Amino acid sequence: MLSTMRPRLSLLLLRLLLLTKAAHTVGVPPRLCDVRRVLLEERAHCLQQLSKEKKGALGPETASGCEGLWDNMSCWPSSAPARTVEVQCPKFLLMLSNKNGSLFRNCTQDGWSETFPRPDLACGVNINNSFNERRHAYLLKLKVMYTVGYSSSLAMLLVALSILCSFRRLHCTRNYIHMHLFVSFILRALSNFIKDAVLFSSDDVTYCDAHKVGCKLVMIFFQYCIMANYAWLLVEGLYLHTLLAISFFSERKYLQAFVLLGWGSPAIFVALWAITRHFLENTGCWDINANASVWWVIRGPVILSILINFIFFINILRILMRKLRTQETRGSETNHYKRLAKSTLLLIPLFGIHYIVFAFSPEDAMEVQLFFELALGSFQGLVVAVLYCFLNGEVQLEVQKKWRQWHLQEFPLRPVAFNNSFSNATNGPTHSTKASTEQSRSIPRASII
């Protein structure tokens, strides 16, 4: 029985590890090393009790019966023959199921019998459940998806950020905000990789104890990166809304305020969360959020920022529709607003509106929530990089110009041929740099994305 239970327990702990990696919501299972720590503590306590039994004077019936036993799960005291011994479910199984039950062994002339009923069933942990098998496979696929998503997003964001930083003609307020947004997505991807490496690189119990301070610092950094990313998405929505709603708007004047909102406000809330967590829920590595009131210190501002962005989205659509219907609007400006509407419609749904949908979702919708938050959310940076940089007409024409200059320097006698269709096809959210510069003098709100 013990030989068959050990691989089952290993499989159970593996699933527990995957569950912990996938979710950061209230009520998720404990970490694998926490379970193993409890198991080793129970073992040490049991061996101490059995040692006391051996040193003490055992009765004649007990001496001729079954000797005390630690079976790698439960502690069985010494017993007289022909008796049934009852013990409670192991604590590490209670951590997984919260179901209290009893286990039994018979003391026979040949020694201890097998444990009955099966510990996993008696304690509410059904290892052979087909639902657990499906969930295990689902979480493995989910891990692959969000790893690929964050990796591809990180690569594309680094390229996009280097492009915007390299060309001085692209340096303007809107692109400065875009670059800050790119950095926030880069930090979000890196923080996920660092968190996984720190939390799950080792399952040894001593690792959990020795790296508690560093582990908590990693979680503080992780939470800050998540909040900063949502804050810069809010800044993007606020910037678009302000440009459309206010007639005279000094972009450079408010850039410092945007930077303070994007990087400063998350630091305040994360600091409050860390202080609250230290005094009210200073357990583990701060990766399990069992206290809902503490978790709302971070969760509340994130949901509020998404709600505000959604309001901006509705109002931006209202303003755009009103401007497009105005007969006095010139044709060139109408084209600009159409491109703006297209870019806005592509951008605003990426602000995390799905987070509100699943913020109060029931437990049976957890897998769908994890899919949207981890799998699809990990590709968010990739989509934003494509929308803000690679599909931007100004960026494309600057890259084309740089390529022409390099080609003329390397091959001065070979003409450079560019199809006119390239400029027409790639003229994304904005016109060329020269055209947009000239038009921006008369239409300051034309090129926003």
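Cβ coordinates come from backbone N, Cα and C, glycine included.
Since this is a predicted model, take the numbers as computed values, not measurements.
Features of the protein shown, as given by Swiss-Prot:
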{"type": "COMPBIAS", "residues": "425-442", "note": "compositional bias 'Polar residues'"}
{"type": "DISULFID", "residues": "C46-C75", "note": "disulfide bond"}
{"type": "DISULFID", "residues": "C66-C107", "note": "disulfide bond"}
{"type": "DISULFID", "residues": "C89-C123", "note": "disulfide bond"}
{"type": "DISULFID", "residues": "C215-C285", "note": "disulfide bond"}
{"type": "CARBOHYD", "residues": "N72", "note": "N-linked glycosylation site"}
{"type": "CARBOHYD", "residues": "N100", "note": "N-linked glycosylation site"}
{"type": "CARBOHYD", "residues": "N106", "note": "N-linked glycosylation site"}
{"type": "CARBOHYD", "residues": "N128", "note": "N-linked glycosylation site"}
{"type": "CARBOHYD", "residues": "N291", "note": "N-linked glycosylation site"}
{"type": "REGION", "residues": "425-449", "note": "region 'Disordered'"}
{"type": "SIGNAL", "residues": "1-25", "note": "signal peptide"}
{"type": "TOPO_DOM", "residues": "26-141", "note": "topological domain 'Extracellular'"}
{"type": "TOPO_DOM", "residues": "168-174", "note": "topological domain 'Cytoplasmic'"}
{"type": "TOPO_DOM", "residues": "196-216", "note": "topological domain 'Extracellular'"}
{"type": "TOPO_DOM", "residues": "240-254", "note": "topological domain 'Cytoplasmic'"}
{"type": "TOPO_DOM", "residues": "277-291", "note": "topological domain 'Extracellular'"}
{"type": "TOPO_DOM", "residues": "316-340", "note": "topological domain 'Cytoplasmic'"}
{"type": "TOPO_DOM", "residues": "357-367", "note": "topological domain 'Extracellular'"}
{"type": "TOPO_DOM", "residues": "392-449", "note": "topological domain 'Cytoplasmic'"}
{"type": "TRANSMEM", "residues": "142-167", "note": "transmembrane segment"}
{"type": "TRANSMEM", "residues": "175-195", "note": "transmembrane segment"}
{"type": "TRANSMEM", "residues": "217-239", "note": "transmembrane segment"}
{"type": "TRANSMEM", "residues": "255-276", "note": "transmembrane segment"}
{"type": "TRANSMEM", "residues": "292-315", "note": "transmembrane segment"}
{"type": "TRANSMEM", "residues": "341-356", "note": "transmembrane segment"}
{"type": "TRANSMEM", "residues": "368-391", "note": "transmembrane segment"}
Let me check one thing: do the transmembrane segment (175-195) and the transmembrane segment (292-315) come into contact, meaning three or more Cβ pairs under 8 Å with sequence separation of at least 6?
no
Around C46 (disulfide bond), how many other C-beta atoms are within 10 angstroms of its C-beta?
18
List, in sequence order, the same-chain residues at least six positions removed whose CB sits under 8 Å from that of C89 (disulfide bond)?
K99, N100, G101, S102, L103, P119, A122, C123
Could you check which of the recorded positions C46, C107, N291 is the closest Cα neighbour of C285 (disulfide bond)?
N291
List of residues, in chain order, with Cβ under 8 A from that of N106 (N-linked glycosylation site) and at least 6 apart:
R83, T84, V85, W112, S113
How about the transmembrane segment (142-167) and the transmembrane segment (292-315): at least 3 CB pairs under 8 Å, pairs 6 or more apart in sequence, or not?
no
What Cα-Cα separation, expressed in whole Å, is found between C46 (disulfide bond) and N72 (N-linked glycosylation site)?
10
